[in-house]
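Enquirer: Okay, handing you the structure first.
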């Protein structure tokens, strides 16, 4: 007896050799019913509001306060801009999925979302590496900090981070378009990721697998190694300081950045491990993917707002003026 499955319309390429679905179907969290998804949409909307307002506040404060036009804060503004765009790419569609149950996402829109998610994640990784380098120079070579990280240098680092994210991940949509999709068209997450779309293909995906592994290792892998190496050198320099107070003060300037690195890389590593060892449709896999994409844009502005004295005092002064 043949099992009936939902029919998804297909479009074919001009030569008729490839079959692309008109749309993919997104899922929420496995095992949860429509009612639970509906109520989960409200905390998701709250998270989106926190991410939007928090990151916008940091960007505007750094833009207005000229004394914050230093490398550390300029890199922070870049990080907040990336988080703002990343949250806008993922959270509204997820909230719509949870609230209305509308699963369909058009094929090209799914590929666009996939490209933006991966490219923005690569840009965030690059900015975190730049911030680690800034802390390394500031603590290990404080007298050379102003001459090494000048304004033009910071701009060039930002543009290089942007270019690397686009150049490395731009081939992914085209690699996915060269595949045919004749299996189920249900994506295992609430958003589109390269590895999930690739697994829906019924043609050879060897090129996608090899290139995907290459860019993950050469982008996130290399960045994480350099960040770890930077902190080894920072820790060694801090431990060599004669005064314990000076050592604590120096290392305290790294706490916010360390939190941002952990929030970004720990879920990424966990997702990679679960992806290799577990089922792609498992609850743990989906939850780890959601944490990896949703947590940094929400947590980063909170951590930097609480730990950075200049930003915290500016926010307090704004609220105190509004309360008068």
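Yeah, the Cβs are placed from backbone N, Cα and C, and that goes for glycine too.
Among the features that TrEMBL reports, domain 'G-protein coupled receptors family 1 profile' is placed at 54-304. What TrEMBL lists as transmembrane segment is 38-61, 73-91, 111-133, 154-176, 209-234, 255-277, 283-304.
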Enquirer: Between the transmembrane segment (209-234) and the transmembrane segment (283-304), do 3 or more CB pairs sit under 8 angstroms, pairs being 6 or more residues apart?
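Expert: Per Cβ check, the transmembrane segment (283-304) does not touch the transmembrane segment (209-234).
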Enquirer: Cβ under 8 Å to the transmembrane segment (111-133), counting only same-chain residues 6 or more beyond its ends: which ones?
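Expert: Residues packing against the transmembrane segment (111-133) from afar: 72, 75-76, 78-79, 82-83, 85-86, 89-90, 93, 105, 157-158, 160-162, 164-166, 168-170, 172-173, 176-177, 191-194, 197, 215, 219-220, 223-224, 226-227, 230-231, 257, 260-261, 264, 293, 296.
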Enquirer: Along the domain 'G-protein coupled receptors family 1 profile' (54-304), what average pLDDT does this model show?
Expert: 89
